[in-house]
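The annotation topological domain 'Lumenal' is assigned in Swiss-Prot to 1-31, 80-124. Marked as transmembrane segment by Swiss-Prot: 32-52, 57-79, 125-145, 181-201, 204-221. The feature topological domain 'Cytoplasmic' is assigned by Swiss-Prot to 53-56, 146-180, 222-279, with sequence analysis given as support.
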Amino acid sequence: MSSRPANNQGPPNLPARDKSLVQRFMAVAKSLQFAWFTGHSVVLISSILYLLKMSEFYYRSAYLGVIESFGIIIYQQFFTRNEPLQTQDAAATKASIKSRVAGLLKSEDVLYLVLANFWLFTPRFSFSLIPFFAFAVFHVLIYVEKVLLPKVFHLSSKDSSKILSFIDKFVVQYNDLCMHWVGTAELLIFILVLFRAILCFQRSWIILVVYAIFIKLRYENSKYMKAAFAQWRVRMDGIISHPSIPPFVKRAYNAIKMSLIRLSEYRLSGAPQVTKKQN
């Protein structure tokens, strides 16, 4: 899943048993990882409130939460782990800058951060919140399980805590499946964006171009998006092959399919890194 907290950026060690609940919470709240968790919590709560009230305030608040959480994880990944540039010689500095830029261009977190900023400053499109809501659900649950409950409430044994056991089983069972759903949802969002452009909604063509680039980059770097495309292709092939489908529709479909296959051969994010696990 995208936007995971860095392992070395967690909150302080477990407070002493004699400290109050407030003191233990404040110790955890001082960490950068807690700010990351807060961002995802804002996304989760704002999305639910937006679904209930359809208020623009909650829509924009959700994307501010996305920007906070993804911005923090990008900061952790690219700006806190490397040797400071000012301590390197010229050649090492140049190589370090190139490495950071290449990493930023291929980062899924950067991609989602850019997209969130785009959705924030364009007309509301409610379906666009679905992937970010899904991310927020699992990130909030993981943080509650790994940090809040054990470090603040001293619930650390899955055998004795039904809450921890439930969260752990839920995340293990549905995390990977949810990422497949996100890939499918993003393709559905693209179809909706395409129809909005055809119907000439406000800024719809700009949104279509930007989201098409997003889908292309996601396809290049995400196994879940590739799986979603493959699933859609199999289903569409079955529908189009039906004898009742007119020949001109079949020809048009095959032409579009072949064009997409050729397009997939061109990478916007550079050569794939085979040694890294895809997200």
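Quick reminder: no glycine exception, Cβ is built from N, Cα and C everywhere.
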Let me spell it out: take the transmembrane segment (204-221), skip the flanking residues so only those 6+ beyond its ends count, and list any with a Cβ under 8 Å from a Cβ in it.
106, 108, 111, 115, 118, 122, 125, 183, 186-187, 189-190, 193-194, 196-197, 229, 263-264, 267-269, 272, 278-279
Which bits of the chain, at least 6 residues beyond where the topological domain 'Cytoplasmic' (53-56) starts or stops, bring a Cβ under 8 A of a Cβ in it?
124, 126
How do the residues of the topological domain 'Cytoplasmic' (146-180) split into helix, strand and coil according to DSSP?
26 helix, 0 strand, 9 coil
